[in-house]
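Taking it in order: structure first as structure tokens, then the write-up.
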Amino acid sequence: MAIEMLGLILAGGQGTRLGKLTKDVAKPAVPFGGRYRIIDFALSNCANSNVKNVGVITQYQPLTLNAHIGNGAPWGLNGINRGVTILQPYFSQEGSKWFEGTSHAVYQNISYIDQQNPEYVLILSGDHIYKMDYEAMLESHKEREASLTVSVMEVPLEEASRFGIMNTDDNDRIIEFEEKPKEPKSNLASMGIYIFNWKRLREVLVNGYSKGNPMEDFGGDVIPAYIEAGENVFAYRFKGYWKDVGTIDSLHQSSMEFLDLNNELNITDKSWRIYSHNDISAPQFITEKSKVKNALVGDGCYVDGTVIHSILSQNVHVQEGTTIEDSFIMSGTFIGENVTIKNAIIGENAKIGDNVEIIGEDEVAVIGHGEIKGENKNEQ
């Protein structure tokens, strides 16, 4: 049975710039915002955009990500004529081969895509924080009779050299793609979100590999090939909140922005919910002696200290005399007495001993998942 559009989320990245936080988990599985993981935003956008069939392409440390996604029920992807499929490298007659790039990962999953029989494929990165209506992007793609549509957003020209830049004509037709140009001609940065006509993309990928011209990456290989061939390639301008949280600084910055009541993400918007897989925990408990100001405190938390402008994920335990400020504490962490944590990210299930100081002065301080720092005399 044919479908109109298949979503493919690229979620195999190692995320080396996140250091300790991706030692044992893929970047899209890194927690965010107190109750989410990064991939929840792409999955929720699919759910809200009526994209009913989604393939999640994984590779590096996929166990946490696989368990989190499960059968896709939190995103409504577990019903009739809908579903989510985890796509990992596998052994075939051609042998076993790791994904070598973004478009190579799609090429390796041609059999799955053919089974879904889509007219269009929506390619997404699984490691960005944003809300976006993919249906509106598809309508633009159809109206302009595009072969490829690339979602872009304007960035400050002085920062454009950090991105893949799309140079367009007056009708937003892309006439040139430049990967991190030293002297950018435009400030339209690619968001790594693409809509392709599947039959044409399939043809380009198969022809490239069969002729010894491998199409390994969308930015470096596929998009330039489309432009050179004179295909109808258009930019789709996005004007909402979008953050690539691939570094410690950007993850911390986006987490702190999450605490702003005027944040463009507007997580309380009932018309565009962000869904997630969450375990059921007891209610939070905040003692009479504690002080909590401008903070998100998750279910199952016990707070007997001071928490200012910070995020506590589920089941975080904060003992007496401890101060947490401008920090993101991931789930399951136990923090002892008289601890000072400022400008920091603490990984899941970490244990912070009594009288410990974790202060990010010139850069954000990071404690990894399950890391132990100091000793807790009252650890539970």
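Placed from the backbone N, Cα and C atoms, the Cβ positions cover glycine too.
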According to Swiss-Prot, Gly164, Glu179, Lys180 bind alpha-D-glucose 1-phosphate; which one of Ser151, Ser190 is listed for that same site?
Ser190
Neighbour count, 10 Å Cβ-Cβ cut-off, for Gly164 (alpha-D-glucose 1-phosphate binding site): what number do you get?
21
Counting only residues 6+ away in sequence within the same chain, which have a CB under 8 Å from the CB of Ser190 (alpha-D-glucose 1-phosphate binding site)?
Val150, Ser151, Val152, Phe163, Gly164, Ile165, Met166, Phe177, Gly219
Please work out the number of neighbouring Cβ atoms within 10 Å of the Cβ of Lys180 (alpha-D-glucose 1-phosphate binding site), leaving out its own Cβ.
12
By a simple count, how many Cβ atoms lie within 10 Å of the Cβ of Glu179 (alpha-D-glucose 1-phosphate binding site), its own Cβ left out?
13
